[in-house]
Amino acid sequence: WEFNGSFSQPSAFLMMGIPGLEALHHWISIPFCALYLTALLGNCLILFIIKKTQSLHEPMYYFLSMLAVTDLGLVLCTLPTTLGIFWFNMRRIGFDACLTQMYFIHILSFIESSVLLAMAFDRFIAISHPLRHPSILTKTTVIKIGLAILLRGTVSLLPIPFLLKRLTYCGKTELSHSFCFHPDIMNLACTDIKVNVFYGMIILLSTVGTDFIFIVLSYILIIKTVIGLATKEECLKAFNTCVSHICAVLVFFIPMISLSMIHRFGKNVSPLVNTLVAYTYLIIPPALNPIIYSIKSSHIREALLRALQKK
């Protein structure tokens, strides 16, 4: 396909499985299926327990419900194309379908980042102002926060598909992953992509970057409050309510930051490393979050045990 200087878009892209291990895709699909099944069942179970247990109808668990819904969305976005490659070697994805998948993956990632920030704010209020917590984070306030998070993610990323459609693509159509990712698509273009790079960086820093900074600041304030508590038992109890959230933050942000750095600066990084970090970013958090909260939250464990006893 020779580029003749005219505007052109490929009819489809070719997705990549795990480079160098194509012959083992059927076997590799087994742990992926286990992770997807864990994510689907775990997050559905969290939502079911929170809905059915009246004592869990409070801000912390409302935000946990938002996190579970977001994780389900991420799983459902990547599952068809990932397992399609591993099981049937279905590498082809239409141009518009790829942009749609990319848009929802990035929206859900940004929403998860914002929900983690809201959960950090909830923990700060609960520890620093326990008596005012119910009056500050009312059900109406939580709903407004949820709608603001959704609107922020949707609007901030709305130009991305149109910025990609305006580019000229010539020749190379092979993506680096089994899903569509903005930097991956952008780098296939053979025209100037400075606008895409600049806008992508600005949006990433103003959303996920800002969320991460405020999460860190929230925990600095939480630590200052906890240190001022009278007894060691009170300190440990306060910290214990934050352990699950800290684990969820680390599980989400470390792979996400690593993948962003690889796409922007890791030109000499092995494709295998790039692929494994991408899968870690999109599959591991949805699978681990329900496990983390089920292990660390006594309220969820007790509600789960009651539900199993009824069955």
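Each Cβ is built from the backbone N, Cα and C atoms, and glycine gets one as well.
Per TrEMBL, the features are:
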| type | residues | note |
| --- | --- | --- |
| TRANSMEM | 24-50 | transmembrane segment |
| DOMAIN | 42-293 | domain 'G-protein coupled receptors family 1 profile' |
| TRANSMEM | 62-88 | transmembrane segment |
| TRANSMEM | 100-121 | transmembrane segment |
| TRANSMEM | 142-164 | transmembrane segment |
| TRANSMEM | 197-222 | transmembrane segment |
| TRANSMEM | 243-264 | transmembrane segment |
| TRANSMEM | 276-295 | transmembrane segment |
Q.
If contact means at least 3 Cβ pairs within less than 8 Å, sequence distance 6 or more, would you call the transmembrane segment (142-164) and the transmembrane segment (62-88) in contact?
A. yes
Q.
Counting only residues 6 or more past its boundaries, what in the same chain has a CB within less than 8 Å of a CB in the transmembrane segment (197-222)?
A. 109-110, 113-114, 116-117, 120-121, 123-124, 127-128, 152-153, 156-157, 159-160, 163, 182-183, 186, 238, 242, 246, 249, 253, 256, 260
Q: Look over the recorded stretches 24-50, 100-121, 243-264, 276-295 and say which has the most C-beta pairs under 8 A to the transmembrane segment (62-88).
A: 24-50
**Q.** When counting Cβ pairs under 8 Å to the transmembrane segment (100-121), the leader among 24-50, 243-264, 276-295
**A.** 243-264
